[in-house]
Amino acid sequence: MAEAETFAFHVEINQLLRLIINTFYSNNEIFLRELISNSSDALDKIRYESLTDKSKLDAQPELFIRLVPDKANKTLSIIDSGVGMTKADLVNNLGTIARSGTKEFMEALQAGADVSMIGQFGVGFYSAYLVAEKVIVTTKHNDDEQYIWEDVSGEQLDRGTKITLFLKEDQLEYLEERRIKDLVKKHSEFISYPIYLWTEKTTKKEISDDEDDKPKKEEEGDVEDVNEEKEEKKSKKKKKIKEVSHEWQLINKLKPFWLRKPEEITKEEYASFYKSLTNDWEDHLAVKHFSVEGQLEFKAILFIPKRAPFDIFDTRKKMNNIKLYVRRVFIMDNCEELIPEYLGFMKGVVNSDDLPLNISREMLQQNKILKVIRKNLVKKCIEMFNEIAENKDYNKFYEAFSKNLKLGIREDSQNRAKLADLLWYHSTKSGDEMTSLKDYVMRMKEGRKDIYYIAGESKKAVENSPFLERLKKKAMRCFSWWTQLMRAEADKNDKSVKDLVMLLFETALLTFGFSLDHPNTFEARIHRMLKLGPSINEDETAGDDVDMPALEEDGAEESRMEEVD
């Protein structure tokens, strides 16, 4: 047996471990995601090496990840048949040399960052100490002998790495089969390689109470009594015993839909995927499966549900309908930067290989890749709306989500015109049916240049309005609406409205020959109103507003003026 060598942890790694071990984190479960991601990366490497040298897979042709919970010893092992580590890799990667991101990650943690960011800094392995008091790493690389990172013995590996976690007393839940399955489904269901769980099965077996239940050889001359034999059989009692067996169970059976070609997927498969993704009992209304390639690559599947949730506009509820994956690893399902609020009813998945794994929420807000993904998602959503606008399903869609479209027109200046084309209206001649502006214009008589509309509190109030009498006599159509989002209502508490009123007032003063005592305030108002109109990104213009005066408040001093001779 080779002699054990002792290496000291780098001072920064020691500090990191103390920080992780001595601090309570509510989401300790991310340790399994990090370790499975590391295993997946190791399998990617050996698969890549085998493309040019098939012999690299001779030691272990099968590529897998295995999870082995051991309740008796309170250990959880993560085993993979990946590339493994040489002695140098083991020494360099596990603590004796400071990783480039160690110091930055510690600073982020101390500043209040989420521990789930750990993989982003290249130190994901140390998340094991969130749940383990001791870790043993056994590894075998094709080009080196097997090494164990701890002075313990372990079974021989053909190739790959085994990480054994000795769990803390308050973390034993991670030995439960159901808990492990839930975590894999949540974070690692779409990993490229099969993930097997060592499961225990208990079955009941019925046996006879008489263990020596074997036919005895009759002695010569004995006379067999048939009745006695029957009674003896009846009198034998049966009992049940428990038999325990173990087997490998594949727990990531659902392969990523977005990697398959849309033409290869049936309607039933899309429906099944949608229901498993959303827990919706109904089928989806429409689906869009697409990929974007070029300098940026990502794949996505978007669904339109049939019904709007009852709390669709509840601002207290986080959006959790679009799941973000990075390299098939689940990152989050409430990413506000991924899709605008008015499209919050859309459901689906997005997978990008270009985003960094475990990207933080702070980085998401500044990430240019995510902004491009968001722009493309909005574009594809509008394409879906236009596609269903051409068939009977649009009635269901419009009834459920028309308010979202109107909200989009208000908030999304870039797509305002496209969204406006999707609006439907009641008219004086359409009855219960609705019509689009485009269809209305196509049906207009030649020479007509005006379009009339009327708004009111209710459908009945609009229909009985005396203002419609003249139009009805001339057999002219008139749009009508009564929903709140179709009408502009004054808000006395809206400071931007006050600013607009003051701007109009001051402009009128200048027009009639007066001058202002505070022209800088007037200029700042113009700038703010221009910025409000095109919905300029606040992040891009934040630096320009430092010296600008605030919006007008109640009781603010009115602009003074003087008459020009």
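Backbone N, Cα and C define each Cβ position, glycine as well.
Please treat TrEMBL annotations as automatic predictions, because they have not gone through curation.
According to TrEMBL, the protein carries these features:
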- 27-171: domain 'Histidine kinase/HSP90-like ATPase' (DOMAIN)
- GLU34, ASN38, ASP80, MET85, ASN93, 100-101, 120-125, THR161, ARG361: ATP binding site (BINDING)
- 207-219: compositional bias 'Basic and acidic residues' (COMPBIAS)
- 207-236: region 'Disordered' (REGION)
- 220-229: compositional bias 'Acidic residues' (COMPBIAS)
- 537-556: compositional bias 'Acidic residues' (COMPBIAS)
- 537-565: region 'Disordered' (REGION)
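Shown here: features listed in TrEMBL, placed on the structure.
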residue : record           : DSSP class
GLU34   : ATP binding site : helix
ASP80   : ATP binding site : strand
ASN93   : ATP binding site : helix
PHE125  : ATP binding site : helix
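The most crowded of the binding-site residues listed here (GLU34, ASP80) is ASP80, judged by how many other CB atoms sit within 10 Å of its own CB.
Per-residue pLDDT, averaged over the domain 'Histidine kinase/HSP90-like ATPase' (27-171), rounds to 81. For ASN93 (ATP binding site), the Cβ neighbour count at a 10 Å cut-off comes to 18, with all displayed protein chains included.
Each residue in the domain 'Histidine kinase/HSP90-like ATPase' (27-171) gets a DSSP state, and the totals come to 63 helix, 33 strand, 49 coil.
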